[in-house]
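Undergrad: Heads up, here are the entries from TrEMBL:
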type     : residues  : note
COMPBIAS : A:11-21   : compositional bias 'Acidic residues'
DOMAIN   : A:663-726 : domain 'CBS'
DOMAIN   : A:771-820 : domain 'CBS'
REGION   : A:1-21    : region 'Disordered'
TRANSMEM : A:155-176 : transmembrane segment
TRANSMEM : A:209-230 : transmembrane segment
TRANSMEM : A:260-278 : transmembrane segment
TRANSMEM : A:321-344 : transmembrane segment
TRANSMEM : A:356-381 : transmembrane segment
TRANSMEM : A:401-424 : transmembrane segment
TRANSMEM : A:445-466 : transmembrane segment
TRANSMEM : A:518-538 : transmembrane segment
TRANSMEM : A:545-567 : transmembrane segment
TRANSMEM : A:579-602 : transmembrane segment
Protein chains: 2
Amino acid sequence: MEDAKASLISLDEETTDDDEPVVTKVTKKSLLTPKTILADVINNDARTTSTGVGVGNNNSGTLTRGIDNDDDDVPALLDHTPSYSGNAINGNLPGNDRDNADSEPIFRVRSRTAASSTPNYESLDYEVCENTLFQEEQRKSLTERFSLRKDIIRWIIFIQIGIITALIACTIDIIIEELSELKYLFLMNSVESNVPKSDITGGDLVVPFLYWILLSVLPVAFGAAMVTYIEPITAGSGIPQVKSYLNGVKIPRIVRIKTLAVKAIGVITSVVGGLAGGKEGPMIHAGAVVAAGISQGKSTTFVKDFRVFKAFRDDHEKRDFVLGGGAAGVSAAFGAPIGGMLFSLEEAASFWNQNLIWRTLVASIISVFTLNIVLSTYHGLNDFTFTGLFNLGKFDQPLKFDYFELPIFMLLGVTGGLLGAAWNSLNTKINGFRKRYIPWKFGKVCEAVVVAMLGVTLACMMIYFINDCRPLGNDPTIHPVQLFCEDNEYNAVAALWFQTPEATVRSLFHDPPGSHKILTLAMFALVYYVLSCATFGLNVSLGVFIPTALVGAAWGRLLAMVTFYLFPETEFLHPGKYALIGAAANLGGVLRMTISLSVILMETTGVETSFFFPLIIALISAKWVGDYFNEGIYDTQIEVNHVPMLPWEPLPQYKGLRAREILSSPVVCIKLRDSAHYIYNVLKKCDHNGFPVVDDVKGVRRSEGRVCGIVLRSQLIVILLKSLYVENSHFWLPNTTIQTFRDVYPRYPSIKSVRKLDDKINYTVDLAMFMNPSPVRVNAHDSVPRIFQIFRALGLRHMLVINNENRIAGIITRRDFIYK
Amino acid sequence: MEDAKASLISLDEETTDDDEPVVTKVTKKSLLTPKTILADVINNDARTTSTGVGVGNNNSGTLTRGIDNDDDDVPALLDHTPSYSGNAINGNLPGNDRDNADSEPIFRVRSRTAASSTPNYESLDYEVCENTLFQEEQRKSLTERFSLRKDIIRWIIFIQIGIITALIACTIDIIIEELSELKYLFLMNSVESNVPKSDITGGDLVVPFLYWILLSVLPVAFGAAMVTYIEPITAGSGIPQVKSYLNGVKIPRIVRIKTLAVKAIGVITSVVGGLAGGKEGPMIHAGAVVAAGISQGKSTTFVKDFRVFKAFRDDHEKRDFVLGGGAAGVSAAFGAPIGGMLFSLEEAASFWNQNLIWRTLVASIISVFTLNIVLSTYHGLNDFTFTGLFNLGKFDQPLKFDYFELPIFMLLGVTGGLLGAAWNSLNTKINGFRKRYIPWKFGKVCEAVVVAMLGVTLACMMIYFINDCRPLGNDPTIHPVQLFCEDNEYNAVAALWFQTPEATVRSLFHDPPGSHKILTLAMFALVYYVLSCATFGLNVSLGVFIPTALVGAAWGRLLAMVTFYLFPETEFLHPGKYALIGAAANLGGVLRMTISLSVILMETTGVETSFFFPLIIALISAKWVGDYFNEGIYDTQIEVNHVPMLPWEPLPQYKGLRAREILSSPVVCIKLRDSAHYIYNVLKKCDHNGFPVVDDVKGVRRSEGRVCGIVLRSQLIVILLKSLYVENSHFWLPNTTIQTFRDVYPRYPSIKSVRKLDDKINYTVDLAMFMNPSPVRVNAHDSVPRIFQIFRALGLRHMLVINNENRIAGIITRRDFIYK
């Protein structure tokens, strides 16, 4: 996020701290320094520490003067354009010796962000750089065929994304299902063999407990270790990260294949280990990785370039694919194509357009369809009727509701909002504690193990102390534990715990009335509430959807049971229906989504469209109540991590401000034709990512020129790396296209990989064909809400602020809209 | 659409046509003319007839010179700032005499559009004018309470929109249902009494035929006359109009209450009259009117201002409400809340944001809920189980499908695409014919009557010639006609025709296999295809959804029957399922929507989520095939009417262009402090809607000043009307707020309503507090795709193009992105 900010640039001069102009000192100290090259950097001296100081005092028309004044006390000796005689410099800086110039930094340009405590996020380049090379490609694409071909390829990629995401989801699904079944069958057998069938008062649960601990701790420890040591970015659900990415914040390593592999193993181990989490959240992340991987046609993890899809190698195209991948992931996780698409739109996407939505939907449908085929085949069915696609279980009868139930739904919503807000707040506190006191890696793994053990212990205690025996039904799919119960009964508590959380949600939705004691459900809801709160934030890959739904389903069902217990005439209170509404309310309270959640719940349970109304009432109430206290859990996580997310609307405190009040200045500029050496040094000494390109530099100072474009750091590095100089243009000009720049995307080399310029030190770079000639320029007097709209709508990274004479007054980046 | 275009301004000098500078002539002719006041207009003389001529030849940095050159041959005598001595002018132009200045126009400024053949659409002001007055209001709104209050009111309005839209929809629904039942019962009785029960070979159908003609022609003639003579904008479905409105094009009278009334009556009469159309399309329009009416708290039709919701009186706020109203309308029409919202997004909306979608959904849900309550109550049910909400009939059993059916669905989709494209093309041709040969109003009414009679005749002929008798079922809801059939049989052809089209769709979806002959369905599909094609475009209020679905359902069912007939082993081909797929395919082929259509079909028929896949396959195939030939019917209508819709992406031919290549210039500018007289004359003489405000006018010419804002024509008129002059600011300054301007929204008075300035002729207007100080300015070198993005995303009306020195180079409006 240091995008071309120079406002807090401090030019640390090593040996001195007096007020004498920095540069005279430098020239005294070392004639090796190409001093004039850094003229601009020097001019932007350390006095201007606060944003916009240089322009703050000026009103319309006098902005330039404001900046000029800054320079009046810079010695005139600096103020001439660099004009090296190659020899003089080469003589002073002989080739190899200059390598140790690094160890003697003459100026260290430090950005504000590096100094502050917030992490150093970079922006993505969602802005299409419409330079001459791009225009050339565009001209080709004006031919109908090229454009059609690109469009068809785009469709093919989206379809591939859908298929592969679904295959990955299936694999994770099946592995979790099989392993969990093995684990819980083993545990149940162990229980049965250790507690004699007739023993209904108590017995020895120590051996099964130890087995349980072991079968939980082993996978959890393995998963947590993978996550912690191999790829820490895979911790959590991944939704906040994907959301940040789609908003334009670069989250390192978020879309690598290695990340996907670790995430998949992490999810499997954690769910099998019995942590209070679900696999649904990570699916969106998995889909995003798949999308990014396929669309780019190369993999960093495998160091392999398949040489396909080259035209899609930029942040802008990648972003759209990632959105499609996320949608495909949710769809596959829930078997809900519309829900998946809406989830992506509501929670993840920051930029939409109609075509994109359209492609996203197709990816979602393909994904669900693939899932259906694979799972149907796996379960030995020949048609597409695999009901496992309703992964929260299909309601057999249509759910109905009456007028007078609407206030009840609303009350449930309010309860969900309160519980959700409390959950969010508690979870944030726990995570803050975690961050402060458990910074080392081994500790994080241990913590996960401890939480896993805590879960098993609490479950065991519940099973041991609560005696909830229910008559055996005829359903052969249930594996009941007889533990402490009569011969024709099963232990309802054990039934809740001896399965994956997802299966428990299903039970709560669909078990017939009277399947549990009130105490059982109350304890279960409480324990799971605490457990899920302690789990989300551990260094394991787990989502928050299923545990949240589970807690909601538990207290929803509980409320129906309590009401029925108090007023036996209220037998209309179908407990499964209230479990569903409770789940919706709790989800609304924690996640604060509404549309997509209600659609997902409808699609995963097969309820009628008319039941949409109760669901949305609960969700809206929950959201409104929750919003009164805090933000949704994903947004909270983003905020806690200081990710510079651009909101949908400008923050209230920005209303009434003008661009000049938020800009960062002064700015490091580059001339349209500048020396390679100057560019090299600028890149070396400052870490900005965008540099305004100026022209019409009459006198000396670049920042006095008129803006004619903007060039990115990555472009400059490629130019230097490939030696695209004016002097040798006959070599490179014929075969340099936009592809030259795309080839190094997205892992642009650092300036360190550029060899010292040596013989090319007096070569010139002509930026005319490389720079973006249409940078978004706003006037220093423009209102911030207006420029925010532009910044947001176009997904900009840099916005140039110019004064009335088209001279640079400052630069605005993402951070300027968020932290003031 | 003449938004501040001066590119084709021609200053028609009345008596001369030689090349001498226009103004010398003027000064010679009449000293009465306040010549210097029009200096700018004059400078923009007629020589610059093509766009951007003034700047076209110049490259970077020389734009200003380009413009300056234009002026070199304008006589210097013009080049001095207006400096009236009040007396001199007043003396020359005494108060009352100047009124007839109108009849002696000295310059007539004619815009390009007025001269061209395209209709004269204006833009809406979706851009928020952030002037000082607005800022003041914003400052107030920074207090938490104000902002919260506005938000709550916004929610209340959306809820009201949902309720009232649903009530209107119910009313229309019920009236249509009751009247149609009366009509068809009467006709059936007439048939039964005229054709003896035992007569199965033929009989006298003349009397029922005449009755039928009468009962069709009367309502249709009445409706067509209402539409034609009272409010022609109500013709058709209204969706293209609402879509254009939401895109930012002002469609006169589109959202008036009178329009709503005529539309409602028009729909009722046309559907009852038996025209091949549905009531669903007009519902979106009705919802839009309701939304616009409620949100503004006043009505032009009733000349009533309720003095509420004043803060929402601008185009921007109104647009959002209209979107919500449209969604509520669709939801009420189909009983499909999600479908309604998605329909609005997919088909109507041009601008979205998350909050808006959220509110739109709530309006939709409220609407469906209200509909449910009212219809349940009306039908005497006590719970919310009124299945009439599934207005295409609920499929009782879950529809299933097999692998091998997918290619069939795709084939059906392709068929639908072909038929739809042919329908669109045919319909467009018919409408073109109509436009050319039936321009007079009475003819239009007659045409509607003729089409109604044609429909009845064809139906009667089908009933007479096709002998399709089916055994009577046990369903008491069917009113079968025995006509030409045995005693325990009914006439399947008559059953198809003797009900509303909507009911026929229901029959085709749900009638058991073997309910019709192949010939019956084939003839019916053909006749309805032709009829609907002839109907859409008549001067009646009718939608295209139901007839399109009906044709699709007919040929879908037909195909299943033919296949079964040829290969009797294919009995799995559930005809109702194929009717549904056929309807989807035909709808996809005509409307080219996909997401919302599939959701609407799912919601209105209650099919399972898993059936989403076949539906979307058919829809996608239909859309792709159709798109190969032409555009969807709504877009075709918009194009035929030359509505300047902004597409989602810039048109391909704009790629690679620069702003200077599409701008319109020169531009009429106004100084920051300008004379009231100059402003009055500019408004009088030119019809631009936005004027750049310039400052720093050193010499004479306004267009040489530096841009500091933009002011709208409507604002200037209010300023003049309310005499907001510098000289009398002590009167108005304390109580002038943004509300002063909102009060006259949206029917801004024309300049003609401003009295001649008389004594205020030398008063001054200071635009500082009125103008928008943050107009979107782009550089003349900026690429068009980039500036299009800005224009589109911000919903702009005017975009100022400046050169490198912040002087005006031209202006870009909506039209510049569309017609070149």
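Just so it is clear, glycine is given a Cβ too, placed from its N, Cα and C backbone atoms.
TrEMBL entries are annotated by machine, without manual review.
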Undergrad: Taking the domain 'CBS' (A:771-820) alone, what is its mean pLDDT?
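TA: For the domain 'CBS' (A:771-820), the model's average pLDDT rounds to 86.
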Undergrad: In the same chain, which residue numbers or ranges, 6 or more beyond the ends of the transmembrane segment (A:401-424), come under 8 angstroms Cβ to Cβ?
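TA: Sequence-remote neighbours of the transmembrane segment (A:401-424) are 529, 532-533, 548, 551-552, 555-556, 559, 572, 577-578, 581-582, 584-592, 611, 613-614, 617-626, 628-633, 636.
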Undergrad: Could you pull out which residues elsewhere in the chain have a CB under 8 Å from any CB of the transmembrane segment (A:209-230), counting only those six or more residues past its ends?
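TA: Long-range Cβ neighbours of the transmembrane segment (A:209-230): 183, 186-187, 190, 258, 262, 265-270, 272-275, 441, 444-445, 448-449, 452-453, 455-457, 459-460, 538-541.
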Undergrad: Can at least 3 Cβ pairs under 8 A be found between the transmembrane segment (A:579-602) and the transmembrane segment (A:260-278), with each pair 6 or more apart in sequence?
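TA: In this chain the transmembrane segment (A:579-602) does not contact the transmembrane segment (A:260-278) - fewer than 3 Cβ pairs sit under 8 Å.
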Undergrad: I need to check the long-range neighbours of the transmembrane segment (A:155-176): which residues 6 or more away from its ends have a CB within less than 8 Å of a CB in the stretch?
TA: 260, 264, 267-268, 271-272, 279, 283, 286-287, 290-291, 294-295, 309, 312, 321, 324-325, 328-329, 331-333, 359-360, 362-371, 374-375, 378, 500
Undergrad: Counting only residues 6+ away from its ends, which parts of the chain sit with a Cβ under 8 Å from the transmembrane segment (A:518-538)?
TA: 224, 235-237, 275-277, 419, 423, 426-427, 430-431, 434, 444, 447-448, 451, 454-455, 458-459, 462, 466, 468, 492-493, 496, 544, 547-548, 550-551, 554-555, 557-558, 561-562, 565, 633
Undergrad: Summarise the domain 'CBS' (A:771-820) by DSSP state, stating how many residues are helix, strand and coil.
TA: 15 helix, 17 strand, 18 coil
Undergrad: Hey, which bits of the same chain come close to the transmembrane segment (A:445-466), Cβ under 8 Å, at least six residues off its ends?
TA: 202, 205, 209, 212-213, 216-217, 220-221, 223-225, 228, 273-276, 434, 438, 483, 491, 493-494, 497, 517, 519-520, 523-524, 527, 531, 534-535, 538-540
Undergrad: In the same chain, who gets a Cβ under 8 Å from the transmembrane segment (A:545-567) while lying at least 6 residues past its ends?
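TA: For the transmembrane segment (A:545-567), the sequence-distant neighbours (Cβ-Cβ under 8 Å, at least 6 residues beyond its ends) are 237, 276-281, 392, 412, 415-416, 419-420, 423, 501-502, 504-505, 508-509, 513, 516, 518, 521-522, 524-525, 528-529, 531-532, 535-536, 573-587, 590-591.
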Undergrad: DSSP on the domain 'CBS' (A:663-726): how many residues come out helix, how many strand, how many coil?
TA: 22 helix, 19 strand, 23 coil
